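Asker: Once you've had a glance at the structure underneath, I'll fire off some questions.
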Amino acid sequence: MAQASARVLQSGMRLPPMPTIRELVKLYRLQARKQLSQNFLMDERLTDKIVKSAGRIDSRDLVLEVGPGPGGITRSILRRHPQRLLLVEKDPRFGETLQLLKECASPLNIQFDIHYDDILRFNMEQHIPDTSQRIHLIGNLPFAISTRLLINWLEDLAGRRGAFRRIDTCMTLTFQQEVAERICAPVGGEQRCRLSVMSQVWTEPVMKFTIPGKAFVPKPQVDVGVVKLIPLKRPKTQLPFPLVERVVRHIFSMRQKYCRRGFGTLLPPEDREEVAQKLFQRAEVQDTMRPFELTVEQCLRLAEVYSEHLVTRPEVAAYDYRAPKNVEVL
């Protein structure tokens, strides 16, 4: 029976007979917790489509799934038969359903690890010390952490650390539809923002498809976009991630105004206008463009000249235009 189960799984057809995700949710009385931004995806066709969007997964690969919940996407990953499957789930209530999947997959000899941890604090290098395996990051992300997690992973990618010690680690993730559109937004697009530029400096983000909100339990107020982020073989800059993020964040802080307005907030007010004008000239960027009209390359040129400015004016790095002004006490 075990060998037959293994053959069924290896064929990519289906897992051995077991309750559906919907039945398991009812059996274990699992309810989505609003404070954890949980939404269960029950439709097997959609979970298969998410995993298919990740591209080829072969028997030498490692898949890390974020927030597997009751295990819908997990089943679809198992059908692809990776060498190792690592689940990171913050909510221990799903332990019984995930353990059941682990037992059903045992004939395949897949290394199946379950960690009950917060993905924002999860130590990738401790749990994945070997870089010989290609890694796929897949997950139906909780809305509350999706943007922060993406920024964290982009910083890891820029620093070649964590899951990104290899250049071929791809991310296939779900986001609120609006966030997904922002990540992929082109120059001049209505959704173009800081997240667009930061994602496109280090990856090629691709909108794969949209999942209607009604496919989830409970139904969210918005639809969900599935995005695959493919690391660029040659990143568009070697500047430190925090510096690029700071510059891009300031540029987009006044999205509808001329880009010199947001960029200018990086500089102390005493000589702000004069210095900003010189930096824009050196970067060969027109300072009357709107932030969403800037290309990734133009944003990076502004980051370059700002970095060069800090060499001669290192104290500017500590300037915070939002800091309380000194008030004279009478």
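Backbone N, Cα and C atoms are what each Cβ position is placed from, and that goes for glycine too.
Dumping what TrEMBL says about this protein:
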BINDING   ASN39, LEU41, GLY67, GLU89, ASP118, ASN140  S-adenosyl-L-methionine binding site
DOMAIN    46-233  domain 'Ribosomal RNA adenine methylase transferase N-terminal'
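Show me how these features fit into the structure around them.
Answerer: Around the Cβ of ASN39 (S-adenosyl-L-methionine binding site), 20 further Cβ atoms fall within 10 Å across all displayed protein chains.
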Asker: Just counting, how many other CB atoms are there within 10 A of the CB of ASP118 (S-adenosyl-L-methionine binding site)?
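Answerer: Total other Cβ atoms inside 10 Å, all chains included: 11.
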Asker: To which of the binding-site residues GLU89, ASN140 does the lowest count of other Cβ atoms within 10 Å belong?
Answerer: GLU89
